[in-house]
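Chemist: Would you mind keeping the following structure in view while I ask a few things?
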Amino acid sequence: MSSDTTRGGPPSGRLGTPDQMAARDAERVRSAEEAARRRRRRKVVGYVPMVLLALFFLFPLVFMFVSSLKPDAQILSDIDSPQAFLPVGDISLDNYSGVFDRVPVARFILNSVLVTTLIVGLGVIVNSMAGFALSRLEWSGRKVLLTVIIATLIVPFETIAIPMVYWVSKLPTIVMENGVPMYDFGWLNSYHVQIVPFIANAFSIFLFTQYFSTIPKSFDEAARIDGAGWFTIYRRIIVPLSGPAFATVAILTFLPAWNQYLWPLMVVQQEELRPVMVGMQYFFQINPAWGEVMAYTSLITLPVLVMFLAFQRAFVSSIASSGVKG
Amino acid sequence: MTRRSLPGMLAMTAASATLLAACGQAGQADGGSGGGGDADGGTTEISMWTHSAGNPAELEVYEQIIADFNGSQDDYEVVMESFPQGAYNDAVVAGAAAGDLPCLLDMDGPIVPNWAWAGYIQPLGIDEGIIDSLLPTAVGRYQDEVYSAGYWDAALSIFARESVLTENGIRIPTTDEPWTLEEFDAALVTLQGAGYETPLDIGAEDAGEWWPYAYSPMLQSAGGDLIDRDTFLTADGALNGPEAVEFFEWFQSAFERGLASDAGTIGNEEFNNDEVALSYTGVWNALGSLEAAGDDLLILPPPDFGNGPKIGGASWQWGISAECADADGARAYLEFSFQDEYIAAFADKQVVIPATKGAEELSEMFGEGDPLQPFVELSQLYALERPPTPAYAVISSVFERAGKDIMNGADVQSTLDQAVQEIDANIESNDGYGF
């Protein structure tokens, strides 16, 4: 105890008098409040650009949805004013009914969902297995093969499109005639011609190979001692530990598969097999029907938005962990 | 662990294979689109591609013709697949590469010589009487052989409001006395002074085939051309001669002075809203402008740049693929389809100029005294086909690029010289395309 206390006076010394302590407490509270206010201000200041950026990225979508409700003339007259982003004026669903009159939308969406789902689903299986073989198995020539696979990334698809059309038109296939399976040639006008060429993907293989290489090989060795085969190691150890890589590949495969245009245009002549992006061309007649273009775009964007919202967390975490953006 | 995983792997493989096979089966269910083949009941299937997807009015007429033809005989059954216009040529080229072209296919007039040269199509071989009854620009020829024929043609003109020209003291041109370049230029300057910020909608915001379709007739009217039509072996002197340079200098100055612009929207909205005084546009926009301007609308001949007014000719036409297994059936269909009633239906539903005199009389828009009759006259008087050479595909894209460069201020002579060099190099590397 300090000498001040023994004299019966108020506590003093290093802690100071009660008034001083109270003042210090008040000061601390004020400081804390001030710090909290500063943090809030910083947070608000930090949010402002984020909100602005979000609005910036949202504008095209808002413009698309809003314009899909307006007649062509109004879309063009609103374009240089903020009204372009507001559902004002002659609002109706006419463009949507026009879309359904002009294009078999449901059929096109169904085709794209089927083709995209299979490309993504089979793609992650095939490419992850290839990545596993290249990163975990010891065999001669794997580095050369990986180099060759990566080298194919520099070849633009457009340069090989026509030869590919020729080749797929000569590939064997099985068709049913009166319930009897028959051997035939030519993959044109089918779903599988839109799917099979895009299952194996050099970039996906590279991504899986790189990701799998970061998983310690001691896991494999322990599993081998327990009697696991390579496929079991792949399925029970590698796949569960590689969620972000699978999510990344799924997303990176989904978008181009959904947006396919040139390839289906060349290999599919029957309307009932066409995907959504080919359908977009239906609206570009001599004078484009902009309202219907916006309505159609809104309709075909919905599945992508739903997919993104459903897998938003996986999408963000895959970017964070793999450093790859779509 | 391995023993359990093997069945799983096999199951997965089997499931994938089954799914793909099912997909393949779904795709194959309706058969391919190759040449003729036997359909049920001994009839031969004639496959047919059109560029009309997304154009219900045009498809409706085709469906009617096909239904009537299929119902009129038992030998052939025409089966149509429609493609969107913007993607059509790519689909045909891919089909040709795969040997999977249909028997009947339509094509834009200027591409006919290229596809004939490339071996995609064969001589048309339909009744000469039908060919003779059509507008000359509705028939596609290569090396004096007929390869295609169409139900209609289109025409460009200058749209104006009579009241606007009268109020500004501008002479209304006629086919007997069209505007000279000087008159046209002076009219644009007057209209600019009267408050039209950009008096002419010349359509420069558009792209692709529009550029040679719209502006090469102006070049030809000025005395130039896209290629030397005597030999079809060089563009030198035609595309970069003094007449061509003079025309493009005016073209460039029209943009520099703000008489025309490459802003705005494709279509005729600006004219319909009275934001521009004159519009250089096609018959397909006439109904909208009639609605907007009513009796005030004038459909005027394009200006005479020195060698008489010119407009581009040749629109979509029908041909028969070289690999068609039953060309007789394809010809039978085509001969059936060239009936005046069908041609008139195309003209009225599509707002295009009917290719026969009989259809013109049946038409509700293009007959004597009908509102769009002036287009028939313009087409007959001024239509000039784009050069009937396989090199046109290259000429078209080179011309568009050169025209846009000049519009944006590039040196006229050197830009045209460069264009000539590119065209000539292409012709040379293709051994003259058969000329």
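Don't overthink the numbers, they just go from 1 along the chain as shown.
Placement of Cβ uses the backbone N, Cα and C atoms for every residue, glycine included.
In case it helps, TrEMBL gives these features for our protein:
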REGION    A:1-34  region 'Disordered'
COMPBIAS  A:22-34  compositional bias 'Basic and acidic residues'
TRANSMEM  A:44-66  transmembrane segment
TRANSMEM  A:108-132  transmembrane segment
DOMAIN    A:109-311  domain 'ABC transmembrane type-1'
TRANSMEM  A:144-168  transmembrane segment
TRANSMEM  A:191-212  transmembrane segment
TRANSMEM  A:233-258  transmembrane segment
TRANSMEM  A:293-311  transmembrane segment
Chemist: Quick test of the contact rule: Cβ under 8 Å, at least six residues beyond the ends. What residues does that give for the transmembrane segment (A:44-66)?
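Modeler: For the transmembrane segment (A:44-66), the sequence-distant neighbours (Cβ-Cβ under 8 Å, at least 6 residues beyond its ends) are 84-87, 294, 297-298, 301.
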Chemist: Can you work out which residues elsewhere in the same chain, 6+ from the ends of the transmembrane segment (A:144-168), have a Cβ less than 8 Å from its Cβ atoms?
Modeler: 134, 186-188, 193, 197, 202-203, 205-206, 209, 262-263, 266-267
Chemist: State the non-local partners of the compositional bias 'Basic and acidic residues' (A:22-34) in its own chain: residues 6+ outside its ends, Cβ under 8 Å from one of its Cβ atoms.
Modeler: 16
Chemist: Taking the transmembrane segment (A:108-132) as the reference, which of A:191-212, A:233-258, A:293-311 gives the largest number of Cβ pairs under 8 angstroms?
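Modeler: Checked against A:191-212, A:233-258, A:293-311; highest Cβ contact count belongs to A:191-212.
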Chemist: The transmembrane segment (A:191-212): which same-chain residues, six or more beyond its ends, come within Cβ distance under 8 Å?
Modeler: 111, 114-115, 118-119, 122-124, 126-128, 130-132, 134-136, 146, 149-150, 152-153, 164, 168, 173, 238, 242, 244-245, 248-249, 252-253, 256-257, 260, 263-264, 267-268, 273, 275, 322, 324
Chemist: Provide the three-state DSSP residue tally for the compositional bias 'Basic and acidic residues' (A:22-34): helix first, then strand, then coil.
Modeler: 13 helix, 0 strand, 0 coil
